[in-house]
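Engineer: In case it helps, Swiss-Prot gives these features for our protein:
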{"type": "TRANSMEM", "residues": "13-35", "note": "transmembrane segment"}
{"type": "TRANSMEM", "residues": "42-64", "note": "transmembrane segment"}
{"type": "TRANSMEM", "residues": "125-147", "note": "transmembrane segment"}
{"type": "TRANSMEM", "residues": "160-182", "note": "transmembrane segment"}
{"type": "TRANSMEM", "residues": "214-236", "note": "transmembrane segment"}
{"type": "TRANSMEM", "residues": "266-288", "note": "transmembrane segment"}
{"type": "TRANSMEM", "residues": "308-327", "note": "transmembrane segment"}
{"type": "TRANSMEM", "residues": "339-361", "note": "transmembrane segment"}
{"type": "TRANSMEM", "residues": "413-432", "note": "transmembrane segment"}
Amino acid sequence: MESLNALLQGMGLMHLGAGQAIMLLVSLLLLWLAIAKKFEPLLLLPIGFGGLLSNIPEAGLALTALESLLAHHDAGQLAVIAAKLHCAPDVHAIKEALALALPSVQNQMENLAVDMGYTPGVLALFYKVAIGSGVAPLVIFMGVGAMTDFGPLLANPRTLLLGAAAQFGIFATVLGALTLNYFGLISFTLPQAAAIGIIGGADGPTAIYLSGKLAPELLGAIAVAAYSYMALVPLIQPPIMKALTSETERKIRMVQLRTVSKREKILFPVVLLMLVALLLPDAAPLLGMFCFGNLMRESGVVERLSDTVQNGLINIVTIFLGLSVGAKLVADKFLQPQTLGILLLGVIAFGIGTAAGVLMAKLLNLCSKNKINPLIGSAGVSAVPMAARVSNKVGLESDAQNFLLMHAMGPNVAGVIGSAIAAGVMLKYVLAM
């Protein structure tokens with residue numbers, strides 16, 4: 001009988017909590033969205049599967065060595081950790097002390113847990129290498145740069161303003177998060193508000209990079225919101241675009257784009273990086289990798305490297321990035337009131353960014369002979385190339401011969417640049433406070 005009891009106690013099912021059960025269902029929902037609905041499957045599938053692995057009871061795949069120690073509830077070991085942190089020897093007090101501790105102290109406690117015989121789970125290791133170091137989002141940005149054509153932006157530089165205007169959604173969302181905190185509805189710190197705001201840029205790698213730096217405890221919810229709403233761009237944007245434009249404006253035909261020379265395409269990423277990085281060094285990592293990837297593409301002398309970055313490398317890193325995000329889909333971090341706030345603010349951010357881009361296009365038309373179709377302003381959010389396709393689709397509904405795709409790629413690419421710069425602004429000023 002004792003053997004049977006020991007066998008049952010060894011089963012993960014016997015230790016399944018309500019929170020873990022809910023998160024398993026959330027993970028299955030993400031898998032269903034990725035497979036059945038094809039919502040950003042390249043990221044949502046590994047994120048969903050990482051969520052499944054993270055919530056298997058007793059497996060500890062997403063736990064660091066220190067988290068494994070705290071989950072073990074050994075009184076002697078808890079006393080040692082508590083003495084180092086000068087707090088009461090219970091799990092809750094230790095977690096509160098760790099949250100307030102400096103990163104160097106947290107690393108010391110992690111090393112102490114390793115010395116006591118605990119090891120981090122495989123997903124925790126993935127997270128430390130891929131996101132904790134910031135490497136994975138940067139490599140993906142390099143791949144995105146290698147797949148990006150700056151031609152439409154260079155052919156019509158005014159569209160850079162549309163991409164810049166769409167970033168208004170980012171900063172409006174930061175204010176929204178702080179407003180919720182001010183009125184006591186949902187508690188958000190300034191770093192958390194900044195990390196949530198970047199969802200408005202519709203740029204998954206940037207959202208993961210910034211939240212990993214500013215609010216790693218919210219990374220799972222922010223990443224899920226960012227990629228889910230990116231997949232929903234065809235549903236979110238058209239009503240806003242139609243509400244802000246007239247039938248006549250939607251029928252505006254833009255002049256043919258000029259041919260951009262190879263020299264311009266080679267010089268642009270170099271000049272862009274130097275201008276932005278010299279003024280805002282904190283934007284250099286993201287923008288630097290993006291421009292490097294684009295330079296490999298446009299130079300034409302490293303085709304093997306460009307092909308590797310666009311295909312093999314970005315695919316491999318995407319797998320580990322998704323699983324690493326899944327490591328944050330654990331019940332005690334995801335099932336919080338903050339998650340609802342993130343989901344709400346995320347969709348508002350998309351809406352504001354879309355509206356700002358459209359309104360900027362209308363403003364430019366007031367002082368320009370060559371009119372811009374306001375629909376391409378919505379492509380200023382950096383969901384590449386989905387936002388540009390939505391602009392083209394809505395335009396074709398009003399005029400079946402009005403093809404806006406290449407025109408919309410200009411603000412779409414500008415949006416990628418804008419979101420990287422916005423992330424640099426957040427890092428510089430939020431971390432300085």
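Note: Cβ is positioned from N, Cα and C throughout, glycine not excepted.
So where do these features actually land, and what's packed around them?
Structural biologist: Residues 41, 44-45, 47-52, 54-55, 57-58, 224, 228, 231, 326, 329-332, 334-335 of the same chain sit 6 or more residues outside the transmembrane segment (13-35) yet have a Cβ under 8 Å from a Cβ within it.
Counting residues 6+ beyond its ends, the transmembrane segment (125-147) has Cβ neighbours under 8 Å at 62, 205-206, 208-209, 212-213, 216, 219, 269, 285-286, 289-297, 306, 309-310, 313-314, 317-318, 320-321, 323-325, 327-328, 384, 416, 420 in the same chain.
Within the chain, the transmembrane segment (214-236) has long-range Cβ neighbours (under 8 A, six or more residues past its boundaries) at 30, 33, 37-40, 43-44, 47, 51, 131-132, 189, 191-192, 194-196, 198-199, 202-204, 207-208, 325-330, 333-334, 338-339, 342-343, 346-347, 350-351, 354, 381, 383, 386-387, 389-390, 393, 426-427, 430-431.
Counting only same-chain residues 6+ beyond the ends of the transmembrane segment (266-288), those with a CB under 8 A from a CB of the stretch are 134, 137-138, 141, 145, 150, 154, 205-206, 209, 294-295, 298-299, 417, 420-421, 423-425, 427-428.
Beyond the transmembrane segment (339-361), the same-chain residues lying 6 or more positions past its ends with a Cβ under 8 Å from any Cβ of the stretch are 161-170, 172-173, 176-177, 180, 185-186, 188, 196-197, 199-202, 218, 221-222, 225-226, 229, 233, 236-237, 240-241, 244-245, 372-381, 411.
Among residues of the same chain six or more beyond the transmembrane segment (413-432), those with a C-beta under 8 A of the stretch's C-beta atoms are 141, 144, 148-150, 152-153, 159-164, 166-167, 170-171, 174, 190-191, 194-195, 197-198, 201-203, 206, 209-210, 213-214, 272, 276, 280-284, 286-287, 290, 379-384, 387.
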Engineer: Looking only at residues six or more beyond either end of the transmembrane segment (160-182), which have a C-beta under 8 A from one in the stretch?
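Structural biologist: Cβ under 8 Å, 6 or more out: 153, 188-190, 192-194, 196-201, 341, 345-346, 348-354, 356-357, 359-361, 364, 372, 376-382, 410-419, 421-422, 426.
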